[in-house]
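The following features are taken from Swiss-Prot:
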BINDING   76, 81, 127, 128, 142  S-adenosyl-L-methionine binding site
């Protein structure tokens, strides 16, 4: 067993997550590809693959149990975070991964090809210019922008009645909440426990008022 797989198994063992053998292999494969491509394309500031397991994989999949719906868009996905790990964890759901930089989308296309992921749609576009044929159950954001910018730029993406915004944040974002537009309200804030991660993590759920 590889050191990366041992690390992943150890981290998952500290959570309530149920992760199959296939999913574990795909998550390790993703980190191996990210580490390989990162040397040439500078996709993440995290250089150590062991550290990627904590800061990128666990920090993403810990959100999995909080997803409701079948159709999601990850805006400002970068190299596919949290979209790729979440797509691996939720093979019955559809994930659109959006980023404006071509090198990131090329990497994501390579990942889904090599790992056999068939529930991801990569999109190269600015978020405010992307017009989906069908709206989404949730708009996901991790290290993308302030929550105000997120909801303003992505207001056209969630389903009118039931769609939500899910913002993955560090410390409790009290200051950002105070600045949200009047049409947007916070419906839930969950403190997330990410094994071996220094610092706090919070998942903020935002929805339209009324």
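A Cβ is built for glycine as well, from the same backbone N, Cα and C atoms used for every other residue.
Annotated features taken from Swiss-Prot, shown on the structure.
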residue	record	contacts (Cβ under 8 Å, 6+ apart)
76	S-adenosyl-L-methionine binding site	98, 99, 127, 141, 142, 143, 144, 145
81	S-adenosyl-L-methionine binding site	44, 56, 60, 74, 142, 143
128	S-adenosyl-L-methionine binding site	153, 154
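Within 10 Å of the C-beta of residue 127 (S-adenosyl-L-methionine binding site) we count 22 further C-beta atoms, all protein chains included. Among the residues the record lists as binding S-adenosyl-L-methionine, namely 76, 81, 127, 128, 142, the two farthest apart have Cα atoms separated by 19 Å.
Around the Cβ of residue 142 (S-adenosyl-L-methionine binding site), a 10 Å sphere holds 23 further Cβ atoms from the protein chains shown.
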